[in-house]
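Chemist: Following this message is one structure expressed as structure tokens.
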Amino acid sequence: ENTSDFSLNITDCTQVVVPEEVFFTVAAAGILENLLVLIAVVRNKNLHLPMYFFICSLAISDMLGSLYKTLENIFIILCKMGYLTPRGDFEKKLDDAMDSMFILSLLGSIFSLLAIAADRYITIFYALRYHNIMTLRRALVILAIIWTFCAGSSIAIALFSYEAATVIPFTILFPLMMFFILCLYVHMFLLARSHAKKIASLPTSTAHQRTNMKGAITLTIFLGVFLCCWAPFVLHILLARFCPHNPYCACYMSIFHVNGTLIMCNAIIDPMIFAFRSPELRSTFKKMFCCAR
């Protein structure tokens, strides 16, 4: 925020400010929606499958992103009211903790999407061996490894965020992982198209193939939404680190609050995709609301 304010002095671009009410409303909606997804998976034993556990991992990442922006804005308000000092030791530790939460949310989302993509790949091309390859225990081990790595990385990056040697690998990781998932998609769809031609004469196999491809399409939607919501903020981090005094960079950084709002919109959109694309999850939501009534 300090970098954005300083950069505005060398550009004519006006900083776009999103009202605090909008921030809190969007963040609260994202947290509640993803919390509903977690509760639905816990309550419905039919959803105790590796795929839905990976979806829960993505939901937790979305919740962390919304929680990060909510707490950040609360602290900014407290600073403006004089209850916190921007340069104090406590505030610096608090800022590091907030940065760590943000990075944890981003890394958790990336690796959760990667796990979902790998799960879809195995479902489509190793359908008969899927339950032997992707067991529930193995899925939990994968998630434990993912979150342990993400937690360690988020702490390290937050502590050394002012070093170029830390910022560069972090920003490279984002497009690298997205490229890897994209390559997996292309490979998945090309093989699926080839398999569909070979099994066109088998009605049951075709129906199974369509079901699996529906899961792949859902994952494609997840990836597209994730890129649209997170890429602008990651670009902001790059520009703030490497060209804060450039007028063009400063002009882009003037929409800092809009980019932050997009992150929280991702937390709202993902559960809608879950509910719209998954009949089992949609049915669980209906039962939950009926029982509540």
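Cβ atoms here come from the backbone N, Cα and C positions, even for glycine.
What TrEMBL lists as transmembrane segment is 22-42, 49-68, 102-128, 140-162, 168-192, 213-235, 255-276. Annotation source TrEMBL lists domain 'G-protein coupled receptors family 1 profile' at 33-274.
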Chemist: Tell me, please, if the transmembrane segment (140-162) and the transmembrane segment (255-276) are in contact, taking contact as 3+ Cβ pairs under 8 Å between residues separated by 6 or more positions?
Modeler: no
Chemist: Sequence-remote contacts (6 or more beyond its ends) of the transmembrane segment (22-42), Cβ cut-off under 8 Å?
Modeler: 48, 52-53, 55-56, 59-60, 62-63, 65-67, 69-70, 73, 257, 260-261, 264-268, 270-272, 274, 281, 284-285, 288
